[in-house]
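Straight from TrEMBL, the features:
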TRANSMEM  31-50  transmembrane segment
TRANSMEM  62-86  transmembrane segment
TRANSMEM  106-124  transmembrane segment
TRANSMEM  131-150  transmembrane segment
TRANSMEM  156-177  transmembrane segment
TRANSMEM  198-216  transmembrane segment
REGION    280-327  region 'Disordered'
COMPBIAS  290-306  compositional bias 'Basic and acidic residues'
Amino acid sequence: MAVPSLAEATRDYLAECIADDAIEPMSTLTFGIRVGQASLFVLVGLFYWTRFPDPHVKDDRLAVFSMCTSLNGYIMLFSGCHNLIMLSQADDVIFSNCTRNDLGRFVQFVITCPLLAWQVSLLARSKMQRQVELVLCTFLMLVMGLWANAIPEYHYRMMAFGIGLLFFTLLVINLDWAVRETSENKESLFKGRSHMRGICVCVVVTWITFPIAWLIGPNGVRAIPGQAEVIVLSCMDLISKLSFSAYVYYVRTSWSNTLLAERRASAMAASSGIEPPPLQHLTSPVTGLPRDHIRSGLGYEGHKEGEEENENNSGVLVLAPGAEVEK
């Protein structure tokens, strides 16, 4: 295929399509999907925003989960409001075949998805380098995706898509390393049973559907009509955000209940003058690391008994004798 000339690259397809009366107006189905999606996003956002942490349970990792739940509330509220803005024609781009493409959807992705990736790095307690790389890979991937939806020339559009796919591959690699780091190399993206791995797998499985839907849509190989692509992308946007935020909220609630039950059992044992009961979970459901050494009074990585240490990279607290076990 010949590369389009500069004159072709600067053609005003909007004016040509308007003159030919070839621009398809927004269908009633698309309008209904966006209004319904916006309404659900707002309702879920308000729910998460009002889920305040239990003041009786104090735990560093739980505090991060609580912050992420509140952040997900704001992400949902923004996504809902932005879907209403997409009802306007202000974000429309017209291609040579008079296909209408909404850039607003991808602007929303560029803003919200890096925040989701940042949450993964916070929950995994990744090193600073991993946090930066996760956010950067997500941001650059979606910026190239935005360009892939704004460029009218097919050749350059596919080039931007390919570059975005490269950053998605780097994102998957960084997610794998995040799981390895938080589990001390005992788990990875492809094996393990911890909640941290589950969150990362949720991100990969739900996000990979977006480039597939785009590639077979009217902007790619045109295997499905534009109306079908709108439905698929809207549903996957809803599913990906709801599944991620619901998983984070589930882990937060489950972990909070576990810590609260252990705290009450320890308090009752102390008041009765007996040994505290065993931990409900010998391994942390978040990281998959063992928790039994906390009760034994043995230090972590060579610390002596009786020393009080801050939380290390593995997320394990070493407590002084008599201190209350909360993790």
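Positions of Cβ are set from backbone N, Cα and C atoms, glycine also.
As the structure is a computational prediction, the values presented were derived from the model and not from experiment.
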Report summary line: Most Cβ pairs under 8 Å to the transmembrane segment (156-177), of 31-50, 106-124, 198-216, goes to 198-216
Report task. Return yes if the transmembrane segment (198-216) and the transmembrane segment (31-50) have at least 3 CB pairs under 8 Å (sequence gap of 6 or more), otherwise no. Result -> no
